[in-house]
Each structure stands twice: as structure tokens, then as C-alpha cells.
Amino acid sequence: MGKMAAAVGSVVTLAAEPGEDAFRKLFRFYRQSRPDSADLGAVIDFSAAHTARGTGPDARKVIRSQLSVSSVSDHDAHRAGLQPVSKWQAYGLQGYPGFIFIPNPFLPGYQWHWVKQCLKLYSQKPNVCNLDKHMTKEETQDLWEQSKEFLRLKEVNKRRPRSLLEKLRWVTLGYHYNWDSKKYSADHYTPFPSDLAFLSEQVAAACGFQGFRAEAGILNYYRLDSTLGIHVDRSELDHSKPLLSFSFGQSAIFLLGGLKRDEAPTAMFMHSGDIMVMSGFSRLLNHAVPRVLPSSQGEGLPCCLETPLPAVLPRDSVVEPCSEEDWQVCTSYLKTARVNMTVRQVLAIDQDFPSEPTEEKKRDITTEGFCHLDDENSQVKRAKLNPDS
């Protein structure tokens with residue numbers, strides 16, 4: 001196996017490369033890991049009923065987290081497609097105060113809406129995506145309409161060219177993150193989707209953050225060979241508010257590290273419907289996604305996505321019906337993909353964006369922000385990931 005070793009006794013052992021930090025070492029290990037093998041024995045699985053599963057020492061870090069059940073009515077939870085908060089399971093990790101993991105709290109079938117929104121609605125203009133750099137606005141006007149026939153024929157013609165949706169790597173919402181300056185600005189804004197804002201507000205309130213405002217979103221679209229490099233989300237101006245993460249589709253491995261990259265991270269699975277909240281001390285920790293895991297049934301969907309969205313929805317629900325035709329396209333896409341929505345509050349109450357520094361001062365400023373998705377076909381080294389790959 002060369003420099004990579006298997007997980008021995010469910011504890012990851014791997015020879016470090018020269019100058020390699022502890023986080024990069026584990027990132028590399030899981031990037032090369034084999035699904036359904038001892039390689040994943042140390043990965044925490046929060047989805048097991050009432051107890052988080054895992055055989056490595058990190059499994060002993062798992063603790064129960066208390067939620068603010070009274071902060072979200074059962075009706076409002078249902079409007080967002082969520083179970084009553086009293087039925088959610090929530091976990092934390094010793095040594096990571098402010099980190100909350102909620103295994104799939106969605107009502108059966110309701111993930112369909114959020115998957116469809118990510119693929120059909122949120123990818124549309126005026127939202128910004130990685131394809132904009134090399135295509136005109138007209139060419140990226142409606143990725144769904146241009147891609148749906150390609151995806152319906154995916155099973156029939158596996159050698160067909162990739163659709164535009166399959167080339168999508170990221171979309172930004174609300175305050176649009178500038179990947180070059182690693183900043184947000186007042187003049188680069190479009191209205192944040194009201195349904196996603198409502199979902200985010202309910203989750204934040206349940207975790208003790210009443211008054212959370214969903215102001216910016218980054219959606220990442222993963223293929224099976226995609227990774228998300230090691231990074232810290234520090235570009236928001238108000239770090240007292242949480243970072244919310246929603247996962248749909250194929251499972252992935254998430255690494256949560258420390259303030260510095262020489263601290264070894266903790267590995268955990270993210271399954272479809274899982275929600276993560278990073279707040280307090282954990283808000284500015286290093287994290288990454290080294291691996292998206294193919295379905296153990298070949299090209300299949302997670303079981304939680306097999307139940308259809310109910311035909312009758314609450315009258316004031318933010319969730320909308322999903323046609324069989326639309327779900328057929330979503331299914332074809334998700335069989336080899338994963339979608340992640342991250343939502344943030346950028347500004348504190350009554351806070352404004354600072355005035356831009358002069359060009360001279362700009363050259364002296366260095367910031368660290370989000371990291372682009374990468375895949376095996378990228379021509380760019382992972383140290384400088386390319387959003388257009």
C-alpha cells in the first residue's frame with residue numbers, strides 16, 4: 001500500500017510525508033480509503049439509534065447535546081419539512097464546544113423539496129455559480145432545463161457528455177462570496193431564498209440561536225471524486241452566529257480539526273438529511289471533506305430518499321410539491337452525487353460592511369476563507385483548488 005496503511009485496530013495509522021501536518025495526513029488517508037473496509041473503522045457514525053457508532057477512540061468523544069425544544073413550534077418545524085424538535089437526536093463532541101450534529105431530522109419525503117431546490121431553483125440566475133466564469137449569462141440561465149433530458153437518458157447512454165448540472169461545483173446565494181478577495185460586499189447581493197431562510201431559522205433556533213438571519217449561502221455540488229480542501233470559514237463579519245450545514249444524497253466523510261492544522265481531526269460520516277452546526281469555539285475550526293462514498297448498492301439512493309414527498313402539504317408550508325418527472329431527474333443526478341448547503345449570517349444587527357481599503361493597503365491584507373471543490377480530473381493542485389473543474 002506504499003505510504004498508506006490501513007486502520008489498525010480501528011485506529012488510523014499512516015506514515016506522514018515530509019512537512020505534512022496532522023490534518024493533511026488524515027485527509028490523504030481518507031481520500032484514498034476503501035469504502036466498507038477497515039479504513040473507515042475510526043469514523044464516527046451519528047446515525048445509529050440513540051448511540052453514535054464507531055469503534056475508534058474518537059467514538060468515546062460523543063456526547064448528547066441539549067436542544068431548545070420550546071423555541072420551535074411543531075407547526076413551524078412541519079412547515080420546513082422537519083420532525084418536531086422533541087424527536088430530534090442531537091450530539092456533540094468532547095473538546096469541540098459549540099459543535100452540534102443532528103442526524104436526519106427531516107420528515108419522510110421532505111428531503112425531496114430541498115434536493116429539487118438545489119438543482120432546479122437555486123442554480124438559476126441571478127444566483128452565481130462556477131460556470132459563470134467561462135459561459136455567458138444566457139448559457140447558464142436555466143441549467144435544469146438544459147440538463148434534464150441528459151440526466152433522464154443517463155442510464156441509457158452512459159457515454160454521453162456531461163450535462164451542465166453535472167459540471168456545477170458551487171452556487172452562492174444572498175451576499176455572494178467573492179472567491180478572489182475572500183470577502184462579501186453590499187453591492188454583490190441578491191435576495192436570499194425565503195424557504196431556505198425559514199428552514200435555517202428553525203434549525204438555528206432549536207440550537208439556541210434565536211434571531212439568526214440567513215444572509216449568505218454556499219451550495220457545493222460533489223461528484224464521487226470530489227473533495228473539499230482544508231479551510232476555515234472566517235469571512236463573515238459576525239462570528240458569534242453559527243454556520244449551518246445541510247447534506248443530501250450520497251454519504252461523505254467530514255473531518256473536524258482544531259484551530260491549527262497540526263491538530264489531528266476527528267472523522268465522521270455525513271449522511272443524507274444530516275445537519276451540522278458549528279458555533280462558538282467550533283465556529284472557526286479547520287474542516288474538510290476528503291471523500292464522497294459511493295452507494296454500497298452500486299448506483300442507488302440512500303433509503304431515506306426512497307419515500308416520496310406527501311401529496312398533501314400544510315397550507316402554509318414553505319415546501320412545494322415535487323413532480324415524478326422532476327424527481328426522476330434528481331434521482332439520476334444523486335445516484336453519483338452529493339449536495340451540501342451551508343448557510344451563514346454575515347453581519348451583526350445594525351452592522352455595515354467596512355469601507356474598502358485603498359489599493360496599496362489591499363496588497364498587504366491576507367485572509368483565509370472558503371476552499372473550492374476539487375476532483376480527480378482537476379488540472380490544478382489541491383493547494384490551489386479550481387472551482388471550474
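Cβ atoms here come from the backbone N, Cα and C positions, even for glycine.
A quick note: this is a predicted structure, and the numbers were derived from the prediction, not measured.
Look at TrEMBL and you will find 213-347 tagged as domain 'Fe2OG dioxygenase'. The residues of the domain 'Fe2OG dioxygenase' (213-347), classed with DSSP into helix (H, G, I), strand (E, B) and coil, number 19 helix, 49 strand, 67 coil.
Applying an 8 A CB threshold to same-chain residues 6+ apart, the list for HIS287 (Fe cation binding site) reads ILE230, HIS231, VAL232, PHE254, LEU255, LEU256, GLY257, PRO265, MET278. According to TrEMBL, the feature Fe cation binding site maps to HIS231, ASP233, HIS287.
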Of all the binding-site residues given, HIS231, ASP233, which has the fewest Cβ neighbours within 10 Å once its own Cβ is left out?
HIS231
